[in-house]
Protein chains: 2
Amino acid sequence: MKRWIAGVLCAAGMMVTGMADAQDLMVEKKVFDLPSFTTQSGRTLKNVKVGWESYGTLNADKSNAVLICHFFSGNSHAAGKYEAADAAPGYWDAIIGPGKAIDTNKYFVLASDTLVNLNTGDPKTTTTGPASIDPDTGKPYALDFPVVTVGDFVNVQKALVESLGIRKLALVAGPSMGALQTYEWAASHPEMVAKAMPVIGAAEADAQLIAWLDVWAAPILVDQNWNKGDYYGRTPPNAGLAKALAVVTLQANHAEWANATFGRRPAKPDEAPAKALGNRFQIQSILDNAGEARAKVSDANHFLYLIKANQLYAAGGTSLADAATKIKAPVLLITQPKDLVFTADMIEHTADTLRKGGVNVTQAFIQGTRGHLDGVISMKQAEGAIRAFLEK
Amino acid sequence: MKRWIAGVLCAAGMMVTGMADAQDLMVEKKVFDLPSFTTQSGRTLKNVKVGWESYGTLNADKSNAVLICHFFSGNSHAAGKYEAADAAPGYWDAIIGPGKAIDTNKYFVLASDTLVNLNTGDPKTTTTGPASIDPDTGKPYALDFPVVTVGDFVNVQKALVESLGIRKLALVAGPSMGALQTYEWAASHPEMVAKAMPVIGAAEADAQLIAWLDVWAAPILVDQNWNKGDYYGRTPPNAGLAKALAVVTLQANHAEWANATFGRRPAKPDEAPAKALGNRFQIQSILDNAGEARAKVSDANHFLYLIKANQLYAAGGTSLADAATKIKAPVLLITQPKDLVFTADMIEHTADTLRKGGVNVTQAFIQGTRGHLDGVISMKQAEGAIRAFLEK
């Protein structure tokens, strides 16, 4: 994801933030194996694997662990670099590291790849999903993979956390789908979560979000190469997946950025958009190119399973109102009012409902021209709020 | 379009407004023939035909004509009924008719289908576009049809208006793409427009709108049956077109409607969305079904040409700022602040820029839970503003 954002940003003549630290945190990607995992739908999967990484040192009584949960198209790489030459550090490097808001001199920060992670073609991502080999058949699961939920993502993380001897997390946090996992942790495992910091995310998918997620999925479902999910060893539905990823990029940004960056400039000065149906404006080619590049290292079925998990989502597995009675941790909710994915109305509905249920909710807001994406790339703005929340 | 909206609304347990009038305006659909029409791109087309209809009577000095321009997926049927048994009248019947805000006892109101109109399978729509037979080849134009613009739509209307001997329009008005045509009339033919009433539309497509229109088009482009536009006589890309139309429906509505109407109810009570990848929530099936029904009477290439015309759009053919110096008519701009297609930011940018250019702009706002669509179905709210504007 980092490379993807970097790609779109560099194309737009901008730089990724958070690259100024003289001493980068160096990180190693690891793999967590679960010999057996039973999904909330009741299917038992063998040999479940997810990638993970950590920053800082777990203390003797294992009380300083912080879990970071990733967004829809992300992976565990929340901070630091794998190699000094990496173009950019992890996505929340601005707030995770030595002396930073989530201080790795104090906290042991860990993050894992989810089930059905999108980035199947990225050597630094390890996941289990439709593209994985089913040990029982020796072939990819494809659509025989069970529907999985955000609750399943969290239960895999819980097994990882427990394997390290950690019984309570000082903080669970994450942006977007990471926020969904954060609420889920706090509602389903309240005894294990001291504090929760959901960022740019609501605690339940409403009808509007469910429908928009269908818009993201539509180009894949229409692509005949999708073939009802049976495309492994054949031509994958990358035309559909590329368009799907272009939609995600657009909705994760905001008009202020699009208009200021691209305006009505043509993609190519000598190919005026009015001259031919296929001649494009710059914003069209930028989004298409980013989608096509990303599709090459992503899996269409994983995309659809992620969509499904997000559509099914209600914190705690039942409803937002129910979750509000289960969550015990104080919540720092950080959002961007211009967010086009989790709109201000959705966020206020979550905050109000949690408060009515007795949850201690503090809100902080990020500004910027990127909308949803500001919750990933502009998090340095929130460092004061995060420090205050952790010190409380 | 009326039937489409009615379909979505009835599915949602709601009724179309404007059906209470004891005496319906009865309307006849007619066809306007242009033996030759040269597009702004320089192509001359033979035998251009568009449908049109009118309400009220043209007065002796032909000074009482009002032109209504239709939205993206609409046609000329702005008011009245073709037959008494019609399920619903034209889309703006609430404001057009005897004694209504646009009073057909006083005004001669006319409306035409645009070029590349979407509704090629509707017997009440007549249009010329990629699905039409090219007289030179005897085959459908397909992608050999030239790119057409909103300026071309207006120039065809101008030929129709002039064929009736009308030299100046008392009012040009329309919602959404109809607003685009309204600004275009006022900027390109200022001597022919006494007053202009754009509704739920801005006077220029910005980068953000250009990109969102690509989201609408994406499912068609990905559908292999689209076959680069060459599908006449074969299987049309209706899977893609249906998804495209579902996206339009969603963006033309608002979260308040979606959430209040559908919530998280499953499409079928015995097929829980969590149980299978294909099990849907109600909002998913409602949008998909509406898209599929509509696709059967629509043409995918026409959809893409409409997208292109909207992406290319800047009032007067150059830019909003330039249009602001050309428009002489006073403007009544009616919008819905919750509109997700033409957002409040876009509308304010248009209003501000027109005013800076010296245009007399009055703004009025419609409320409701439908967002963009309120500019079609909730127009009765604006009748006071419209009457005042026409009487000035």
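Positions of Cβ are set from backbone N, Cα and C atoms, glycine also.
Copied over from TrEMBL:
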- B:S176: active site, nucleophile (ACT_SITE)
- B:D339: active site (ACT_SITE)
- B:H372: active site (ACT_SITE)
- B:65-352: domain 'AB hydrolase-1' (DOMAIN)
- B:1-22: signal peptide (SIGNAL)
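Cβ neighbours of the residue listed as 'active site, nucleophile' (same chain, under 8 Å, six or more residues apart in sequence): B:F71, B:F72, B:V199, B:I200, B:G201, B:V341, B:F342, B:H372, B:G375, B:V376. In sequence order, B:I200, B:I347, B:G371, B:H372, B:D374, B:G375 constitute the residues six or more apart from B:D339 (active site) in its chain with CB-CB distances below 8 Å. DSSP assigns B:D339 (active site) to coil in the three-state reduction, placing it in neither a helix nor a strand. All protein chains shown were included, and the count of other CB atoms within 10 Å of the CB of B:H372 (active site) stands at 24.
As a whole-number mean, the pLDDT of the domain 'AB hydrolase-1' (B:65-352) in this prediction is 98.
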